[in-house]
Amino acid sequence: MSKQFVRSAKNLVKGYSSTQVLVRNATSNDNHQVSKDSLIELAEKSYDSADFFEIMDMLDKRLNDKGKYWRHIAKALTVIDYLIRFGSENCVLWCRENLYIIKTLKEFRHEDDEGIDQGQIVRVKAKELTALLSDDERLNEERNMNIKGRNRKGRRRRGTGRSDENDDDLQRAISASRLTAEEDERRRKQDEDYETALQLSKEEEELKRLQDLQRMQQQQGQQQLQQPMYYDIFGNPITPEEYAQFQLQQQQQQQQQQLQQQPMYYDVFGNPITPEELAQFQQQQQLQEQQYLASMQQQQQAMSNNPFAKSEQSSSSPKRNQLVAASSPQQLQQQKQQEPLIQNRTGNQSMTDKYSKLNELLATGTGIDTFGNVGEARIPAQHTKTGTFINSQGTGYRQVSDDPNHNPFLNSQYTGLPSTSVVPTQTGYGFGNQSQQQSQNNGSNNRGYTLIDL
């Protein structure tokens with residue numbers, strides 16, 4: 001009673017007409033079904049243009065109501081279904097023009113507090129109305145049949161009063177509509193289940209393909225981060241194996257160029273040696289030369305006062321292996337053949353320069369020396385400058401006689417040398433390293449030698 005009172009008060013406050021109030025009561029938000037009297041009255045009022053617009057305006061508001069007022073929507077669809085069957089032709093035209101509103105209700109859903117989907121009845125009624133409005137032949141046939149039945153019922157109503165409450169035709173039509181709606185709903189569920197399963201299968205397949213693609217992209221990205229990209233001279237990407245092969249070829253070419261530019265070294269036997277061995281040998285050779293030069297300086301200092309000592313600079317020098325840098329053993333042999341022979345000097349250069357004139361006279365002249373020798377038998381004068389005879393081999397060295405009585409020829413010999421007696425200097429290993437006692441013995445033994453003894 002409270003809801004009816006509130007609805008009545010709202011009708012008065014908003015100034016609804018009797019036709020609008022009739023539509024509001026027929027589509028109220030309660031559990032009661034729409035009364036048949038209200039449907040018949042609304043169908044009759046639909047033939048009036050003013051009432052028609054009021055009826056359709058209120059039904060349009062009910063169809064666009066909120067989801068929690070699902071009873072308003074369901075009852076409004078029931079009223080529209082009755083009007084297109086038993087109402088005026090304008091009701092059919094209005095429904096066809098606003099068919100999109102009815103089609104949207106085919107997807108209507110609403111769950112109550114208990115989790116029950118109350119939008120099922122709305123979806124069934126909307127689908128049935130859409131099918132009926134789309135089939136003109138069926139709609140015209142039902143309208144003609146219902147109009148004839150309504151006329152018969154009108155005549156019976158005038159004769160029998162209110163005997164049309166249990167109209168069998170209306171009950172059969174409602175039952176047929178319900179069966180059709182249930183069958184369509186069952187078929188739609190099956191189609192929806194199949195479509196849902198197919199859609200899920202497609203989505204799973206697409207998701208799997210996307211995951212595989214992402215995994216491949218991640219692996220490629222990791223490989224690119226771990227391995228740098230290499231390019232050839234034309235900017236084309238190459239694999240690391242090709243780049244390593246290219247680097248190896250470059251290294252081999254560089255090594256070949258270095259070998260071609262670097263000279264080959266050979267020993268005296270023509271065997272190739274490495275630059276390290278050459279450097280080591282040169283270092284050893286330099287050390288040997290330094291040692292040899294040091295020893296030669298000592299010998300020259302000791303031999304500076306001995307005009308008869310032979311210079312052993314070239315004769316006593318050690319033979320050293322020579323290394324030749326050449327590109328081939330043939331060039332080494334040619335260099336050996338082209339090397340000129342080095343003339344080794346013997347004797348003291350200063351003495352040779354000093355007595356060069358005398359040597360020339362003695363070698364080319366035809367005179368006789370102090371001993372009467374002629375030709376090659378002549379003895380150079382420098383061997384007798386001390387006043388005591390010394391032959392060309394140095395025998396009789398240190399023959400200095402205090403008593404010249406044994407040889408009367410020595411005191412009278414004069415070969416152009418100064419008369420000042422020359423004291424011999426002990427040089428060389430053979431003379432300078434002898435002990436003093438041995439030297440005195442040699443002097444006493446050699447004293448008194450004559451030309452005949454020598």
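Using N, Cα and C of the backbone, Cβ positions are placed for all residues, glycine too.
Model, not experiment: these values are computed from the prediction.
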> Taking 47-54, 55-62, 447-454 as the choices, which stretch does Swiss-Prot tie to region 'Clathrin-binding'?
Replying inline: 447-454
> What residue among Ser163, Ser316, Ser439 has an entry for phosphoserine in Swiss-Prot?
Replying inline: Ser163
>> Where Swiss-Prot marks ubiquitin cross-link, which residue is it, choosing among Lys14, Lys106, Lys202, Lys357?
In response: Lys357
> Looking at Thr352, Thr386, which one is marked phosphothreonine in Swiss-Prot?
Replying inline: Thr386
> Looking at Swiss-Prot, which of Thr196, Thr346, Thr364 is flagged as phosphothreonine?
Replying inline: Thr364
>> Counting by DSSP secondary structure, give me helix, strand and coil numbers for the domain 'ENTH' (11-143).
In response: 99 helix, 2 strand, 32 coil
> If you draw a 10 Å sphere around the Cβ of Lys357 (ubiquitin cross-link), how many other Cβ atoms fall inside it, taking every protein chain shown into account?
Replying inline: 9
>> What are the sequence-distant neighbours of Thr180 (phosphothreonine), meaning same chain, six or more residues apart, C-beta distance under 8 angstroms?
In response: Glu128
